[in-house]
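Features reported for this protein in TrEMBL:
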COMPBIAS  282-295  compositional bias 'Acidic residues'
COMPBIAS  306-319  compositional bias 'Basic residues'
COMPBIAS  320-345  compositional bias 'Basic and acidic residues'
DOMAIN    263-351  domain '18S rRNA (guanine(1575)-N(7))-methyltransferase Bud23 C-terminal'
REGION    273-354  region 'Disordered'
Amino acid sequence: KNSSHKTITLNLPSTRNWTVELLPLGGSLCPNGRLQQEEKSSNLLLAHLYRRRSQGGRPAGKMPRPELQAPPEIYYNETEARKYTTSSRIIGVQNKISERALELLALPDDGVPRLLLDIGCGSGLSGETISESGHHWIGLDISQSMLNVALEREVDGDLVLSDIGQGLGLRPGVVDGAISISAIQWLCYADKSSHEPRLRLKTFFGTLYRCLARGARAVLQLYAENMDQSEMITSYAMRSGFAGGMVVDWPHSSKARKAYIVLTCGPPSLLTALPKGKGEDGEGCSESDDSDDEERQTVSVSDRNRPRKRLKTTKKGKGKGKEWVLKNKEKRRSQGKDVKHDSKYTARKRKACF
């Protein structure tokens with residue numbers, strides 16, 4: 001409280017690189033994880049912690065990943081939660097990914113509503129897709145601000161404030177399926193000194209396996225930072241007893257590529273065969289299939305093969321190819337004229353400019 005001397009004691013995990021900013025109190029957390037100053041006259045200081053990459057800075061022109069800025073309960077504050085929910089682009093993207101996740105669940109089309117789990121439900125955008133399909137759902141999220149927005153929107157599902165890294169806390173065999181949109185990769189980051197990503201993944205998949213009914217599926221869409229994360233998440237799912245693997249839509253597109261971990265509760269069988277991802281045969285994705293998460297821009301991928309240019313033809317309809325050029329040069333040599341020697345560049349068309 002003394003303006004001439006301020007001391008702040010911080011207890012930080014030694015396994016991460018942290019940066020401390022001392023800024024006047026009264027600011028609001030910006031989407032990029034920093035503190036925006038609002039009251040310059042305030043003499044109080046707030047220590048705001050945010051993570052930086054351990055290996056250098058981020059590439060120029062790219063937004064940092066949300067997982068690298070702050071823990072989810074801090075990053076998705078009230079301002080970010082409302083901005084996330086009111087963005088028409090994000091709403092459309094979440095709707096498309098949720099529809100694809102429900103498609104991969106392969107629920108029986110018998111008209112009977114199922115009880116599904118929405119892991120990392122946020123403000124209930126993906127839950128609305130479940131409700132439109134005629135099913136009931138339970139949503140779990142670690143952000144209180146996100147759940148408050150979901151309550152204001154009066155979503156149909158039941159909401160639970162929960163850290164999935166500590167387990168789901170549901171009775172065995174009560175859930176008919178589970179989906180997760182852009183949430184599982186958060187478990188790969190240690191936000192506290194007590195967090196161990198591998199143990200949190202083990203706890204999550206163990207409790208998910210127990211609460212699913214026999215033969216039920218779980219579809220987890222994720223944005224892994226690298227292949228190591230994808231392999232680590234998949235390996236702990238397999239260790240927990242699940243059968244399945246990774247399904248990738250549009251694998252040949254760097255922008256529209258979407259990865260889903262499709263898991264089945266039970267041992268491998270013919271019924272647990274992985275479905276086929278979209279675009280595996282090399283066809284291009286349409287504008288409606290192009291999607292992205294809250295921090296990643298998208299582009300439409302189309303066929304970029306240009307038609308071959310036609311050779312310029314003479315009046316007789318024959319092109320002046322290499323054979324014609326060599327014959328003409330030989331004729332000029334026989335006439336005693338100065339002709340340049342032949343090489344591999346002979347009869348090649350020059351570019352418009354060097």
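Using N, Cα and C of the backbone, Cβ positions are placed for all residues, glycine too.
Counting residues of the compositional bias 'Basic and acidic residues' (320-345) by DSSP class, helix then strand then coil, yields 13 helix, 0 strand, 13 coil. Over the domain '18S rRNA (guanine(1575)-N(7))-methyltransferase Bud23 C-terminal' (263-351), the average per-residue pLDDT in this prediction is 69.
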